[in-house]
There are 2 protein chains.
Amino acid sequence: MALRVGVVGGGQLARMMIAPAVELGVELRVLAEDEGMSAALAATAVGDYRDAETVLAFAREVDVLTFDHEHVPQEVLAAVADAGIPVHPGAAALRFAQDKLEMRARLAELGMPQPDWAAVSGTDELQAFIDAHGGRAVVKTPRGGYDGKGVRVVSAATEAEDWFAALAEDARGGQLLVEELVDFTRELAQQVARRPSGETAVYPVVQTLQRDGVCAEVVAPAPHAGARLIEVAAQVGTAIASGLGVTGMLAVELFETTDDRILVNELAMRPHNSGHWTQDGAVTGQFEQHLRAVLDLPLGDPSPRHPWSAMVNILGGPRTDALTDRFPAAMDEHPAAKIHTYGKAPRPGRKVGHVNCAGDDLDDVVYQARAAAAFFAD
Amino acid sequence: MALRVGVVGGGQLARMMIAPAVELGVELRVLAEDEGMSAALAATAVGDYRDAETVLAFAREVDVLTFDHEHVPQEVLAAVADAGIPVHPGAAALRFAQDKLEMRARLAELGMPQPDWAAVSGTDELQAFIDAHGGRAVVKTPRGGYDGKGVRVVSAATEAEDWFAALAEDARGGQLLVEELVDFTRELAQQVARRPSGETAVYPVVQTLQRDGVCAEVVAPAPHAGARLIEVAAQVGTAIASGLGVTGMLAVELFETTDDRILVNELAMRPHNSGHWTQDGAVTGQFEQHLRAVLDLPLGDPSPRHPWSAMVNILGGPRTDALTDRFPAAMDEHPAAKIHTYGKAPRPGRKVGHVNCAGDDLDDVVYQARAAAAFFAD
């Protein structure tokens with residue numbers, strides 16, 4: 001009997017688990033939100049991940065349940081766990097990925113380096129935080145944000161009035177998260193895989209470049225990273241994985257500050273855009289590693305295969321033709337570029353693919369990845 | 001509209017096209033011989049590849065037709081081509097992979113280095129060849145052989161009497177192929193990709209180790225390969241690809257003789273066991289390259305990613321448990337090993353998976369691949 005992994009969500013992260021699952025010989029089953037999604041090839045069910053019956057029926061046919069996203073409600077996760085089906089990451093860990101206030105509070109308990117933050121219940125509290133932090137701050141809705149959504153830089157509390165109003169209407173009530181606006185030199189990401197038995201595998205810390213709140217480029221490992229940075233990032237990643245009980249892939253988004261500190265920005269408990277380079281640049285890609293971790297198999301070697309790797313996202317994509325129509329020109333110019341597309345219709349700003357390049361020369365690797373990805377622009 | 005590649009045959013070669021197809025964003029469709037085959041995930045049809053109607057109906061839904069094996073009859077290939085559907089490799093090239101006598105004759109026309117050979121119609125002619133070549137020779141049925149089947153080392157013509165008898169009953173009639181028994185130091189393989197427009201990509205020549213006529217191990221590139229060997233192998237591979245009009249992946253199995261010559265042993269016009277190392281060891285794996293070639297897309301960089309790669313087949317597999325039951329032990333000991341399994345039931349001698357390792361040290365790479373594969377033995 002093949003090992004069966006069930007993935008809730010049919011997006012590109014589920015899709016990119018297909019290749020390593022087929023190669024290992026693991027049966028991947030996907031509960032997709034809709035027909036024709038990115039991971040359609042492996043979709044064995046279509047249904048609403050917020051419906052416990054739907055998820056439970058899907059989960060009963062697999063050895064372990066995992067996710068393409070962190071949005072499955074706690075009560076649904078509980079129903080699956082109550083049925084005795086392994087869920088990785090588990091509900092207790094996912095809580096910290098689902099609610100940024102809980103995440104901040106827990107990271108504080110763990111002594112992790114973070115931006116100054118507070119839970120604010122109204123504009124007065126928010127304004128007080130802004131005033132105490134140089135007149136600007138970042139306000140975040142604790143739940144439901146991604147790719148820059150639910151994040152707002154404000155200089156007056158009135159700019160978040162609509163969010164407070166929305167919270168007041170939410171049965172869960174609650175607060176907004178406010179954080180100091182960090183003066184950072186660059187953004188980094190640390191990936192760690194952790195299996196239920198506790199083993200962890202630490203990827204090299206990478207440099208990420210966001211545009212409009214969306215990941216645009218990643219360079220691995222992070223250039224000009226000293227031994228201290230590498231060590232601190234790995235320690236923070238491992239401490240969070242263990243402290244939060246994460247199983248599967250964890251990505252910790254980090255700020256490197258102008259005064260040389262590392263601060264935790266966001267968490268993702270799943271394969272993450274900052275790790276797409278590992279598909280072609282690491283001995284064990286993050287998607288294979290996630291499958292191994294959630295199956296509680298020994299983790300693979302996370303070492304880079306090449307001195308440098310670069311990943312450039314294809315955002316939006318061509319408006320009038322298909323991504324594959326650009327293959328001839330892109331491949332002709334860049335025979336070493338690894339082109340990945342997600343089977344998604346182009347739409348402005350949407351992640352529809354990415355390009356990985358790897359090699360010995362940092363500048364060349366970055367240039368090749370950018371130039372190849374540019375062939376897929378509108 | 002996604003590019004659609006149709007593969008006739010649902011074996012592990014079709015299966016291993018799934019991963020690069022998904023990553024590129026190419027739609028792979030497989031016409032499998034049966035339910036539950038190795039490439040079942042991509043199987044969109046089940047039917048007899050010897051039936052023109054079946055193959056034609058399948059082919060009408062794809063942009064190009066290609067193959068997991070070389071056994072599709074010429075009349076079926078002709079029917080697909082007549083319908084205006086691109087077929088790669090085409091019928092004219094496949095003829096030389098389907099009939100070893102035609103292959104030998106054509107390679108002779110091209111001036112390729114070969115063992116002495118002859119087409120023999122009966123035991124007298126065969127005995128004459130044996131006598132003229134030191135009392136031993138290799139007899140081969142021109143059609144239908146693979147993995148050592150249809151190949152016999154003989155020292156007397158009477159040892160092939162059953163094959164002559166079978167030929168006499170075959171409506172096509174015909175002859176047997178006899179070849180000198182080559183005194184070789186080792187076997188090599190040269191892979192070349194060629195697209196319809198003529199572009200070729202040449203992989204490094206590799207060393208292969210056969211056991212009982214079945215590929216057991218591959219080391220890439222071939223150790224102790226001098227510049228002349230590398231050049232000759234590449235020239236032979238490219239000349240055959242062009243001379244026979246091969247499109248897609250071509251593997252040329254070679255003997256390196258004790259007197260330092262390179263002789264062509266066999267051909268395969270598809271991804272080949274000697275190229276499985278490229279999945280983890282080359283910038284462009286042979287399965288991606290085959291898809292690019294048959295789609296007439298620019299070919300990918302065939303360069304190795306590491307100084308050394310080794311591939312060790314999992315032959316037979318465990319009798320009493322599943323391959324995946326061996327994952328914990330194998331992965332624990334060999335975190336850098338890339339384990340590939342084919343979703344096939346274990347059976348003595350059957351190819352059910354392989355292990356790839358890559359790195360800087362030849363001995364270590366070979367050791368790791370062998371040791372990891374050994375965990376899957378009976």
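Yeah, the Cβs are placed from backbone N, Cα and C, and that goes for glycine too.
Here is what TrEMBL says about this protein:
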BINDING   A:Lys100, A:Lys140, A:Glu179, A:Glu180, A:Leu181, A:Val182, A:Glu187, A:Asn265, A:Glu266  ATP binding site
DOMAIN    A:104-295  domain 'ATP-grasp'
Which of the three DSSP-derived classes (helix, strand, coil) applies to A:Lys100 (ATP binding site)?
helix
Need the DSSP three-state call for A:Glu187 (ATP binding site) to compare against my parser.
strand
Could you check what DSSP calls A:Leu181 (ATP binding site) once collapsed to helix, strand or coil?
coil
With ATP as the bound species and A:Lys100, A:Lys140, A:Glu179, A:Glu180, A:Leu181, A:Val182, A:Glu187, A:Asn265, A:Glu266 as its recorded binding residues, calculate the greatest Cα-Cα distance and give it in Å as a whole number.
19
Secondary structure at A:Glu266 (ATP binding site) (DSSP, helix/strand/coil)?
strand
Could you list the residues of the same chain, at least six apart in sequence, whose Cβ is under 8 A from the Cβ of A:Glu187 (ATP binding site)?
A:Gln207, A:Thr208, A:Leu209, A:Gln210, A:Glu253, A:Leu254, A:Phe255, A:Glu256, A:Asn265
Counting only residues 6+ away in sequence within the same chain, which have a CB under 8 Å from the CB of A:Leu181 (ATP binding site)?
A:His133, A:Gly134, A:Arg136, A:Ala137, A:Val138, A:Val153
Under 8 Å between C-beta atoms and at least six apart in sequence, can you list the same-chain neighbours of A:Glu266 (ATP binding site), or say none if there are none?
A:Lys100, A:Val252, A:Glu253
Which one of these binding-site residues has the most other Cβ atoms within 10 Å of its own Cβ: A:Lys100, A:Glu179?
A:Lys100
